[in-house]
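TrEMBL has this to say about the protein:
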type: DOMAIN; residues: 48-147; note: domain 'Calx-beta'
type: TRANSMEM; residues: 247-274; note: transmembrane segment
type: TRANSMEM; residues: 321-338; note: transmembrane segment
type: TRANSMEM; residues: 350-370; note: transmembrane segment
type: TRANSMEM; residues: 390-412; note: transmembrane segment
Amino acid sequence: MESGQQEKKITIHVIDDNQWEPDETFFVKLSLPESEENHAKVGSKTVALVTIINDDEPGYIHFEEPINLVKESVGKAEIKVARVNGADGRVSVHYRTKDIEAVATRDYEPADSELVFEHGEISKIIAIPIMNDLDTEKDETFAVELYNPTGGATIGKHGRTVVTIINDDNYITMANKMASLVQVDIDKLSVTKTTWGQQFKDAMTVNGGDLETAKFLHYVGHTFSFFWKILFAFVPPTSIAGGWLTFFVSLLFIAILTAVVGDVAAIFGCLVGLKDSITAISFVALGTSLPDTFASMIAAKNSKTADDAIGNVTGSNSVNVFLGLGLPWLVAAVYWESKNLPFTVKAGDLSFSVLVFSCSCIIGMILLTLRRFLGVFGKAELGGPTIPKYACSAFFVFLWICYLTLSGLQAYGHIYWAT
């Protein structure tokens with residue numbers, strides 16, 4: 001320092017390496033040379049702490065899409081991982097797969113590895129091999145999640161993505177085209193066939209023999225439905241006689257079970273003192289329609305358009321009612337005709353029940369129409385947001401309870417209705 005100079009700046013060069021790191025510190029210490037000790041003295045503050053503040057931005061790492069759709073025949077599912085809000089330095093992140101409905105080593109190759117981003121790199125691809133087993137099956141899903149980021153990076157908004165393996169029926173479509181070209185029986189070119197013995201095997205095992213994906217509810221359901229599964233395993237497979245044998249045997253089974261349900265419900269109503277009209281719209285209707293309702297629910301979940309869900313309408317009315325309940329009436333009509341006596345069936349409370357039922361149907365159709373066009377319901381008749389979905393279900397159950405209550409009150413004379 002020159003004579004009269006009171007301050008001086010010290011310049012220290014800091015190396016910028018573009019690599020994220022925590023704030024770093026070093027010390028600068030003042031000391032006098034031996035030749036200056038007699039002319040000057042150091043003050044009380046001879047040591048300065050210097051902090052190098054890190055200004056590198058390693059960024060956030062996340063999946064570009066929370067949901068990825070891939071075909072089963074794609075070979076590899078390519079999932080894009082993005083690095084946003086900064087790309088300074090070398091960072092890494094680990095990723096792993098987790099089963100949801102798809103099973104590792106059977107539907108896809110499991111992965112647990114590390115993804116490295118170099119300085120300035122903003123995207124990477126994770127490739128997950130997909131197993132194409134050529135079996136007809138429903139769509140299956142698995143998850144890929146990011147964890148343990150390094151180099152100062154953090155997990156972004158989409159730290160987990162769900163991959164849906166879509167079952168593509170290219171092979172079945174090819175077989176159908178071949179059949180139309182050569183004009184042969186399409187059943188002979190069916191990709192999958194079920195034998196009669198396989199039906200019994202599936203009926204006796206939990207979840208159709210797929211124990212890897214079986215859950216506790218599968219075992220409970222298998223226990224309670226074992227008798228019925230064995231019983232209906234006697235229905236011939238569709239590969240025999242072009243499916244006609246399956247059709248007629250199924251009709252026979254449905255007719256027998258419907259008649260049994262109707263007679264048992266009538267006996268129960270007689271024992272507890274219920275009128276036949278109330279027994280018919282409660283126990284008989286419940287026993288004949290509830291299985292079809294669950295079948296419609298399963299069909300709706302596994303169908304892209306849910307068209308199969310209306311099978312409940314044709315199944316219950318055309319088969320259960322006209323055949324199962326109509327057959328005993330046919331026998332009764334033939335019997336009374338052989339005796340040269342009229343077969344008289346009183347209408348009873350039918351008109352009032354039909355009116356209440358029709359009003360309930362109109363209200364139900366209005367709700368379904370609103371569900372199609374209102375965003376609060378997801379603009380769809382089925383599914384949608386959780387709370388509106390269950391609220392609609394509860395409302396339909398409420399309509400059914402109102403129908404039973406009003407019909408019961410009218411049947412027992414609490415509501416007057418002129419017929």
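A Cβ is built for glycine as well, from the same backbone N, Cα and C atoms used for every other residue.
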Same-chain residues near the transmembrane segment (390-412), Cβ under 8 Å, at least 6 residues beyond its ends: 275, 277-278, 281-282, 348-349, 352-353, 356-357, 360, 363-364, 367, 371, 377
Whole-number mean of pLDDT values that fall within the domain 'Calx-beta' (48-147): 85
Helix, strand and coil totals (DSSP H, G, I; E, B; other) for the domain 'Calx-beta' (48-147): 3 helix, 56 strand, 41 coil
